[in-house]
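Features as listed in Swiss-Prot:
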- 369: active site, 4-aspartylphosphate intermediate (ACT_SITE)
- 369, 371, 757: Mg(2+) binding site (BINDING)
- 371, 483, 561, 606, 673, 674, 675, 732, 738, 760: ATP binding site (BINDING)
- 503-519: compositional bias 'Polar residues' (COMPBIAS)
- 499-525: region 'Disordered' (REGION)
- 1-63: topological domain 'Cytoplasmic' (TOPO_DOM)
- 85-90: topological domain 'Extracellular' (TOPO_DOM)
- 112-282: topological domain 'Cytoplasmic' (TOPO_DOM)
- 304-312: topological domain 'Extracellular' (TOPO_DOM)
- 334-815: topological domain 'Cytoplasmic' (TOPO_DOM)
- 837-848: topological domain 'Extracellular' (TOPO_DOM)
- 870-885: topological domain 'Cytoplasmic' (TOPO_DOM)
- 907-943: topological domain 'Extracellular' (TOPO_DOM)
- 965-991: topological domain 'Cytoplasmic' (TOPO_DOM)
- 1013-1021: topological domain 'Extracellular' (TOPO_DOM)
- 1043-1091: topological domain 'Cytoplasmic' (TOPO_DOM)
- 64-84: transmembrane segment (TRANSMEM)
- 91-111: transmembrane segment (TRANSMEM)
- 283-303: transmembrane segment (TRANSMEM)
- 313-333: transmembrane segment (TRANSMEM)
- 816-836: transmembrane segment (TRANSMEM)
- 849-869: transmembrane segment (TRANSMEM)
- 886-906: transmembrane segment (TRANSMEM)
- 944-964: transmembrane segment (TRANSMEM)
- 992-1012: transmembrane segment (TRANSMEM)
- 1022-1042: transmembrane segment (TRANSMEM)
């Protein structure tokens, strides 16, 4: 047995890694702290220990799938009908029903299997990744491929992929509430080692990090010690396996109450009324309703025979019951939803929860972040202001990673506010600033040390890396886009991060590194810095800082950057008028700085402030230094303000068009961003969230459109609810602000979607009706909390998702209408058919049970699938969102169901009676509901005519419901020829076309094939009766067209009398009309914005 195998076996038994040092842990598990595992070894271990999963994400439960197909009300009607058929010895009907049940269950199983596989593959697309070191190089792999011995890197926003023995931590906190129930984050320390004699609980093992915990602060490196079900969370998952949650064991309730609750849960799960997506539950409830209606109709049949129930009456009752069951409905729904989820992948939307497919069509408010969603997320440094030094501008730069691109200029001494308000226009711009700086060709009254201090801070208060990829000869970067923009500028000025710290980049050649260092020795910032501590960016404080030791002058330096308000609150001084001495910051000084922040933000730039402080080794003792490096408040106090940077994040090219289309679709778009209010307002105007002519609106209206997070959070719930409209832009917003916004929308009965990418966005993503996470820049935690993931982080992809959600909802509505209208037609037809009595006084059913089943299962199923694949209607995104409370069962759908059903009933009844009394002699014979005899000739031929008519009407109905109101012959009014328009209508959906053709043709063989026709279907070949079938099918088509014409006239009249409900008129209105017409902005709510 190999050494690795021994260690793996020991690893399964050993649980005291918290008692080992990092070196001991690495030796025990067989890995290198610096190199990690080799690729071959990692593959061998993966094969030995299996994938790192809890075993329940992608496993297909075949038993549950079978039960799901069998245990529903629709199948139960078929099963009962089958049992009765066999009980009365109608072997043919019973056999056909058995076959239908088997086919239905088989098709359902296949489609559910495919749908499950599709959803599992989509889950894999959005599953968390892990960052590991293998062969000495950092790699990103799927979390399921992590094995014991991997060296794993984690940072803020990551979900820890496996149990880790930490070997390096930097201000590292994790959320272990999922494991321990402790709501507060837990601080970790890799240097701790616990005694072997001590009993240390899982929650107290502070040198370990546990699988599925979220990183809420800092970063760390650790050895993977346990994976999958061997991890701490895996042990819990293993103990919970097999608990369905259907049995109530509430100790506060009595045995009888628990039994009642459990019975309801089990029955609901059995019938599908309390499991699955909301739409599945609604349809399961519909199935239960139809079951009881079927029972009622069967009772009516028996009552009409005075409950003298013989074989024929029982079969007729079965026939009527079957007519009420759209048995193919669940199958078609499953196919439609799985296809919809697959289609969304091609449109950069990954569906994680099927519920979201239904919810997307009802969304009427979208709350979106700005950075990387509305904008490209590829940030470019545009302006830098260093007090007493001047303003640096960067132009002609479009590549966010290439430091060699662009022109750098200096406006000496002028601040952005000053040069933008300079009436002379001559601000003395100095071109080629970099060359002038290093050639010392700058005005004598400009102190280069000011720029050096700012540049050192910008470089070191930064963890992004910029490098030239030797393989592709292209510039690339790793890190946050904002930090990348700053690091690119530092690299442009020949002062990259590794030039100050001496760190070697694994992505650059040594030649490049040496070049940077050798060039840097004679330029600003030549000191060598050692990283001591880091306080990472936090959405609460909105800043980050790093502590470095300068080996050249033996000083400790704290460098910070962040939002202006956050940084300025930490500063007590800045460089005075001479630019040399540090002087206290006064309120007047802060207001001067604030003016420049406004000036930059009003140009759509994201503004960050920079500050620093330093002290010598003699100024602090060890305890004071430890306090500084561990206490954020101490480290980030009494800083010296150094300057500002304005970063431009250009809007995506598709954003403005997407916002316009959302407005056309009746969807409001809100921007909730952490950026400064001026930046947010400028970008919002650029993309159309705010009107471009905002200056035409009164200040009161502007204040209702734009707020800051503190202003919105400062309002009570009552004050928020009293606002006539909710703000379109909230700047400087926190995660809690997003939660309050969603709560406010929900109180207004709005159906909203929320985008998010950070750990702290999880509450708002969960609370929103549709949570949307970012696939590229989103954290693992936000993805897990979301319903859908945008694989390209693009706002326009949300439009794709909404459009696909509406298309799918539309199509579900169409095939539900088609199937239920057929059921109504068949049920009414058979109930009316009770009036036909044979020579023995028994009812003669005008359609046989097998004919009913054929129309429901064979004729209707494939056209219904075709309707599920129907393309989006041309006006799909010109309609308002559908009512989420009503769902697909609107009053229009309900009325249409009965209208089409009644028209179809009339056509079929006319065909039956026309054949029976017109073409034939009108004799109803005797015993014609079971076997054929000579007296049944007229009845059997008339059934054939009615069967053909019902079949063809059902197929024509599928074409008619492609559009709920528009005439089938005017589906494409933009076509230049009626003939072309007709063929475009029938050929546009080829699956539907061939399904209908198949249905039309299938009527002939079942009428003419011997034995099948008279023994199974209980009808006979016909001749002249085909004319009746064709005539009354056309009559149905005309009736359907007249009904739709009446609908169009009705809605036109409604629009004329209620122009405010006219959708076309609404689309032409100003989307900001609700704001401009608001007349009551409460004066007690101070929402003014100072600028």
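The backbone N, Cα and C atoms fix where each Cβ goes, and this holds for glycine too.
Rounded to a whole number, the C-alpha distance linking residue 757 (Mg(2+) binding site) with residue 561 (ATP binding site) is 21 angstrom.
A Cβ distance under 8 Å defines the sequence-distant neighbours of the transmembrane segment (313-333), meaning residues of its chain 6+ beyond its ends; these are 72, 74-75, 77-78, 80-81, 84-85, 87-88, 90, 93, 97, 100, 104, 107-108, 111, 279-280, 283, 287, 290-291, 293-295, 297-298, 300-302, 305, 812, 815-816, 819-820, 822-823, 826-827, 829-831, 842-843, 845, 847-849, 852-853, 856-857, 860-861, 864-865, 868, 929-930. The stretch in 283-303, 816-836, 886-906, 944-964, 1022-1042 that contributes the largest number of Cβ pairs under 8 Å to the transmembrane segment (849-869) is 944-964.
Residues 900, 903-904, 906-908, 910-911, 914-915, 918-919, 941-942, 944-945, 948-949, 952-953, 956-957, 960, 967-969, 1007 of the same chain sit 6 or more residues outside the transmembrane segment (1022-1042) yet have a Cβ under 8 Å from a Cβ within it.
Comparison of 91-111, 816-836, 886-906, 944-964 by number of C-beta pairs under 8 angstroms to the transmembrane segment (992-1012) places 944-964 first. Across the fold, the C-alpha of residue 673 (ATP binding site) and the C-alpha of residue 369 (active site, 4-aspartylphosphate intermediate) stand 5 Å from each other. A C-beta separation below 8 Å, combined with a sequence spacing of at least six in one chain, links residue 675 (ATP binding site) to 370, 371, 601, 606, 683, 731, 732. Here the topological domain 'Cytoplasmic' (965-991) returns a mean pLDDT of 80 for the predicted model.
The two recorded residues, residue 738 (ATP binding site) and the residue listed as 'active site, 4-aspartylphosphate intermediate', show a Cα separation of 10 Å. Take the CB of residue 371 (Mg(2+) binding site) and look out to 10 A: across all protein chains shown you find 22 other CB atoms. Classification of residue 738 (ATP binding site) by DSSP places it within a helix.
The list of residues near the topological domain 'Extracellular' (1013-1021) in space but at least 6 beyond its ends in sequence, with Cβ under 8 angstroms from a Cβ of it, reads 92, 96, 848, 850-851, 854, 928-929, 931-932, 937, 940-941, 943-944, 947, 1006-1007. DSSP classifies residue 673 (ATP binding site) as coil under the three-state reduction. Counting residues per DSSP class in helix, strand and coil order gives 3 helix, 0 strand, 13 coil for the topological domain 'Cytoplasmic' (870-885). When Cβ-Cβ distances below 8 Å are used as the criterion, the transmembrane segment (283-303) is approached by residues 72-74, 76-77, 271-273, 276, 309, 313, 316-318, 320-326, 329-330, 333, 816, 823, 827, 830-831, 834, 843 of the same chain, each at least six residues removed from its ends. For the topological domain 'Extracellular' (85-90), the residues of the chain that approach it from at least six positions outside its boundaries are 97, 311, 314-315, 318, 849, 930, judged by C-beta separation under 8 angstroms.
The two recorded residues, residue 561 (ATP binding site) and residue 369 (active site, 4-aspartylphosphate intermediate), have Cα atoms 21 Å apart. Cβ neighbour count for residue 757 (Mg(2+) binding site): 27 (other Cβ atoms within 10 Å of its Cβ, all protein chains included).
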